[in-house]
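Peer 1: Next up is a structure, given as structure tokens.
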Amino acid sequence: MISMLRCIYLFLSVILITSYFVTPVMPCNCKAPETALCARRCQQHG
């Protein structure tokens, strides 16, 4: 039971991390960032 919950938790965290890193890259427009993630991404990369 515990191992199953741990697997689910790992699976969800991996999805969240990948979506966090992939989503801002695709639609971002640094001249007019739509979201806070985009703005942060653009600040980091100049």
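Placement of Cβ uses the backbone N, Cα and C atoms for every residue, glycine included.
Because the structure is a prediction, the values reported are computed rather than measured.
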Peer 1: Can you look up which of CYS38, CYS42 is joined to CYS30 by a disulfide in Swiss-Prot?
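Peer 2: Looking through CYS38, CYS42, the record in Swiss-Prot gives CYS42 as the partner of CYS30.
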Peer 1: What Cα-Cα separation, expressed in whole Å, is found between CYS30 (disulfide bond) and CYS38 (disulfide bond)?
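Peer 2: About 7 Å separates the two Cα atoms.
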Peer 1: Of all the disulfide-bonded residues here, CYS30, CYS38, CYS42, which one's CB has the most other CB atoms within 10 A?
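Peer 2: Of CYS30, CYS38, CYS42, the one with the most crowded Cβ is CYS38.
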